[in-house]
Amino acid sequence: MNESKPGDSQNLACVFCRKHDDCPNKYGEKKTKEKWNLTVHYYCLLMSSGIWQRGKEEEGVYGFLIEDIRKEVNRASKLKCCVCKKNGASIGCVAPRCKRSYHFPCGLQRECIFQFTGNFASFCWDHRPVQIITSNNYRESLPCTICLEFIEPIPSYNILRSPCCKNAWFHRDCLQVQAINAGVFFFRCTICNNSDIFQKEMLRMGIHIPEKDASWELEENAYQELLQHYERCDVRRCRCKEGRDYNAPDSKWEIKRCQCCGSSGTHLACSSLRSWEQNWECLECRGIIYNSGEFQKAKKHVLPNSNNVGITDCLLEESSPKLPRQSPGSQSKDLLRQGSKFRRNVSTLLIELGFQIKKKTKRLYINKANIWNSALDAFRNRNFNPSYAIEVAYVIENDNFGSEHPGSKQEFLSLLMQHLENSSLFEGSLSKNLSLNSQALKENLYYEAGKMLAISLVHGGPSPGFFSKTLFNCLVYGPENTQPILDDVSDFDVAQIIIRINTATTVADLKSIINECYNYLELIGCLRLITTLSDKYMLVKDILGYHVIQRVHTPFESFKQGLKTLGVLEKIQAYPEAFCSILCHKPESLSAKILSELFTVHTLPDVKALGFWNSYLQAVEDGKSTTTMEDILIFATGCSSIPPAGFKPTPSIECLHVDFPVGNKCNNCLAIPITNTYKEFQENMDFTIRNTLRLEKEESSHYIGH
């Protein structure tokens, strides 16, 4: 019995479903017997209603004799599929008096259930088994315990509930992939590890559990890294000056692992744990058990400086380096996720995207006086990879000595975003839309702009905050589902035409205005027959649609492609509410309280100097200083606002015996002077910060002039 090579079988159709697809997870193994010119999908053969396995496993195809297969194909050729209306429907619903027949792929399409056990029964969409819950106390979405995507806890074909754990819900696709990988020996409830009850219910609901060993058991040294204890602090603000990986047993800097997953950790001091015996759960596990009531009973360890925030905000931690596998149908469930109580925080989403960043570093040579062109050259370099960690070195153009000095990545990204906001690629005052710049289009700058925005967000840069709601909605919902408004029109002449048309009070006035603007309306294809005054509204809608959306269609598509870098656009479309806050709105104004909590003390503090520091922040907020909160943050970090993904490393304060403050933007460190009086402290701080920022601006202007 010669079997064709796998590559050859792809061109042959299954004798039952007539499909060429070779997809083992969906249709089972595709096998071809050259001797009898026969190709079948395993599931198509197994689920056919008129055939039985009369031979041994090695006989025929999986124990199904060739003559029996021929008879079944002949029987099915007389039956019409009730889905695709073609002959060859070999599978029938087993419900009494139900005469529906269908192909296996068609049955999957119509959400039929195939039971891979017993008599291998098949049920159509009207008679398929369902899961029944006596009462539904789930008012909020719950996560699938495999992929962690949020789902509505209502049993359906695509959503299944564990029979042994009331809070365990799954996507059907997630369960099927899990079953194929785990096999009959390891497929069990992800919460309680029950095997018997769980497998019986899943078989009843049409999950195929193959009789084989788990895939990881067949792989040498699989999951070897799990044999190592996890030792890293993942809380949002680690207070250990030795770093997140530091672990000192029997001290406050000992790493405590999550009691649920063991794949996330915290220093005892960073989560206010008094002893190692205290329980602690990571953010992901705490969110899963919240609705079960266990979360409310557990002792809450709130992160420092987290007053007046919601329950999910106060528990925001830096995600551990484990990425949940996305289910195949996850994108279609985004709307369900948006209605969830656990709306994702944008900083957490960006931190997740940041897991793509590798340890390998790429150094960018940036000329601060020509930030755009030097950034463009760096990002277009064939050796540049967006997933590499970025290191910045500042250089001076036409410097014969070739000198360079270390630069702040966040300062560079902040300057780049400022330039982008004021560039000719966008138009508008505060809320901006894409402009139509033929030269920029020719040079592919819209793509580069989108790419820069994506890189900035993932690598810890500032939030743009200048998108109009129209541009944002086009990115999320598509231009065809977005209606521009008058504020989106930055061209004064076009805006005046729209205003005149919209304020016309009679049909005669409206026709007169259209005659005056005839050439323009004809050029943009918006001429229409006017019969009533209400026709002006459709005309205005057409003009707005052309000027704001259709006119810039090509730049928009290019910009959109750039935003796909590192998966940013997909995240924006999945969590529009979260990203709207940073793309369409400027960050909140800084205050003395925010800066005081932002900077942590990493060295032995001088109590007097720290008191002066807090008094100075309050004086700046009250307008009693020549500097601003933004000036202080720029001086220390290079950024005028807190990036959505947070600072790395966390901004810190040092008290040194120096006369003037020193800002280290590469390390986000501010050294404050130790002085005898507060007056001297404020004068030295004001003088240094004000003049340092002024000199930096003058240097940039000087280089630009040359």
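Yeah, the Cβs are placed from backbone N, Cα and C, and that goes for glycine too.
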From 11-51, 462-502, 544-584, the residue range that Swiss-Prot assigns the feature zinc finger: 11-51
Range annotated as zinc finger - as stated in Swiss-Prot, picked from 237-286, 337-386: 237-286
Residues of the zinc finger (11-51) by DSSP state, where helix covers H, G and I: 13 helix, 8 strand, 20 coil
Counts by DSSP class (helix H/G/I, strand E/B, coil) across the zinc finger (237-286): 7 helix, 6 strand, 37 coil
Secondary structure composition of the zinc finger (143-193) [DSSP: H/G/I, E/B, coil]: 15 helix, 10 strand, 26 coil
